[in-house]
Amino acid sequence: MKRHLISAADLSRDDALLILDTAEELAKISDRSIKKLPTLRGRTVVNLFFEDSTRTRISFEAAAKRLSADVINFSAKGSSVSKGESLKDTALTLEAMGADGVVIRHSASGAPYRLAGWVRGSVVNAGDGTHEHPTQALLDAYTMRRRLGSLEGRRVTIVGDVLHSRVARSNVLLLSTLGAEVTLVAPPTLLPVSVASWPCEVSYDLDTVLPKSDVVMMLRVQRERMNAAFFPTEREYSRRYGLDRERFARLKDDAVVMHPGPMNRGMEIAAEVADSPRSTIVEQVANGVTTRMAVLYLLLGGADLGGNQ
Ligand code: CP
């Protein structure tokens, strides 16, 4: 495996399967009453969050602590970033504290790549602008594999605001590496120009794609990144691209519904669909901890999972 995890494209099929299999092993340990392992004892993980997060920030902290790493949580709010300190100077300050791994979320696409040139430790991209979110794709693949078995030939439909979604890009890259067939469904205004070069199909008609899908992943409409009108009204968007009760009823019996969170309930997904037994949304959060444990363990070269040094 490479030293950093910045893009899902950094992962070969063998790398991705190693992470998913390691997460399976770690999940067995997470079911025990004492969940903690000594495997990263003496290592330091810095969580560097320049953008808001609930799931990713908390699960990286839980993952590092369960592996016994020392954890430093940095949030741009309340730090010297508000006095104008640059990403590079912030990174070098943390480097001076001896970070073995730096987990970064930033609003600028490419920030983790820049950071990797300044620090000695491994850099993990926890979401950069509209670019990538590779550990979200890993936890999504892990969740699909647990529900459906192998992803080879599985049809995964990703629906909604692809233009602003780092989750969509990382999922398309990772799922194609793992042999799944991905279709993106979105209004033309919410697809990036570059989508023609992505390893996936594109459709504008959700109703023709849904009955063939094994997985339907709904994306959040990212209003905070929109500086123009991308669709006429929320009601119109929801009518054409939302997963409501009627569309949900037309899915295959064993199809699963996913959403990376946070959700706009009632817009891209109806509340009763989000809360149904075929929704994996809560499972995805739990699987985020074990998947991120696997990533930290493999990148930071932890002791074996029996805890031997
Ligand atoms: N899915 C995801 O990245 O959620 P957060 O923004 O809460 O971390």
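Cβ from N, Cα, C; glycine included.
All TrEMBL annotations are machine predictions without curation.
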- Additional site residue, Arg32, Arg105, Arg225, Arg235 [criterion: listed by TrEMBL with Arg55, Thr56, His133, Gln136, Gly261, Pro262 for carbamoyl phosphate]: Arg105
- Query: Checking the binding-site residues Arg55, Lys83, Arg105, Arg166, Arg220, Gly261: which ones have Cβ within under 6 Å of ligand 1?
  - Reply: Arg55, Gly261
- Message: If the carbamoyl phosphate binders are Arg55, Thr56, Arg105, His133, Gln136, Gly261, Pro262 per the record, what's the largest distance between their Cα atoms, in Å?
- Response: 16
- Query: Tell me, what is the mean pLDDT of the domain 'Aspartate/ornithine carbamoyltransferase carbamoyl-P binding' (3-145)?
  - Reply: 94
- Query: Can you tell which of the binding-site residues (Thr56, Gln136) has the fewest other C-beta atoms within 10 angstroms of its C-beta?
  - Reply: Thr56
